[in-house]
Amino acid sequence: MGCAMNVGRLARSWGATRYLLVALPTGLAALVALPLLTVLVLLLTIGAGYVLLPPALERVLAWAEWERGRARTELGAAPEPGLRGPSRLRDQVRDPQTRRALLGLLAHAVLGTSAGLVGLLAAVGVPGTVVKLTAWRALSVEPAFLGIPAETWGIAVGGGLAELAAFSALFLWGTPAVAGGYARLLDRLLSPSAAELQAARLSERVEELSHTRAEALDAHGAELRRIERDLHDGTQARLVELAMRAGVAERMVADDPERAAELLGQIRGRAEDAMTELRDVIRTMYPPILADRGLEGAVSALAARCPLPTRAEVGSLGEVPASVQAAAYYVVAESLTNAAKHAAASSVEVRLERSGPTLRVQTIDDGIGGAEDADSAEGTGLGGMRRRVAALDGTTSVVSPAGGPTVITVEIPCES
């Protein structure tokens, strides 16, 4: 028990000493950097500073983030993500991060160098004293212990042991105290306030939503073009053909009624095909089965129509917005299509569940895996699935190792 405690104390002391030893060269570098930054500020008067100062401030911000990470590691605290700093000089000057970094640089130049010297003294003090104790007679220069020259054996032994005890105490208790205090100071100086963190998160959230909204608009435009193409190339072409055949049948009624009746039969069959195509197009816009049977029934119908054996597990979903239902239906339909066409799977499992405000959709197939998370120009496939889900502030996870299985998990919030 005591041995383990001693080992733990030695490890903490050595970690603190290493932290302080790194602070020594960086503190000296800060002493050099401060006058250089002052020169760059003075160069603003002739214009050169506008070019040289922004990258210099970026380096200072990067150092501050690195030093804050070191401080939090020394304190045993979890690392925190840093805030993105501006790149323009005017914004840099106004940014609180820049002021914190410069203040931290000043503190590091003075206190960091001093703390580093403490670490250096602790690192070399004990071995240096041991060397002096064991070889003081062989040294060409008379050593001193605690500032007292070792003129006799008594002074050498007594002073050496006292110096060894002092340096040992510095190493075991002094360096952890100095390193901890300095790390807390730097963490407090360099860490953003709670208001800044909240503002940064809000800004990132707005940026993310703007990005997903732009993707949703692009996907919506691609969807409209696809619908127009399907109607033009499919349903419209069939309707034109029907009109032409109806005109021919109309002219043949008087002269060849049997042939006209045959044409009318063909027209009826082609009309049914056109209606089927039109239903397929409408189903891609908003599946009517969602309005008729709800998401649970629609997913069960997809599972029943899938050419692979498919098991659907649908929990209690509660009230789900129509847009979320449509996205979930699309995810299941696309996943089943991929499993049947590309995965060489023998079975598929579909799970739908509601966890608080979030709808979770998961499909699992036992295929060959290796699904490519590729985006396509038409907004289909896994890329289209991601964009459709992201537009609703949802997340998509695709795990598909070579050899399978492929697991697609989608989570969509049901509340705005």
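These residue numbers are counts, starting from 1, taken along the chain as shown.
Each residue, glycine too, has its Cβ placed from N, Cα and C.
The transmembrane segment annotation in TrEMBL covers 20-53, 102-126, 153-174. Taken from TrEMBL, the feature domain 'Histidine kinase/HSP90-like ATPase' covers 323-416.
With a cut-off of 8 Å between Cβ atoms, the residues of this chain six or more beyond the transmembrane segment (102-126) that come close are 13, 16-28, 30-31, 33-34, 37, 60, 63-64, 67, 163-164, 166-168, 170-171, 174-175, 178-179, 182, 185-186, 189-190.
Below 8 angstroms of C-beta separation, residues 60, 63, 67, 70, 89, 102, 105-106, 108-120, 122-123, 175, 178-179, 182 of the same chain, each at least six residues beyond the ends of the transmembrane segment (20-53), sit close to that stretch. The average pLDDT for the domain 'Histidine kinase/HSP90-like ATPase' (323-416) in the predicted structure is 81.
Remark: secondary structure over the domain 'Histidine kinase/HSP90-like ATPase' (323-416) totals 29 helix, 29 strand, 36 coil, with classes taken from DSSP.
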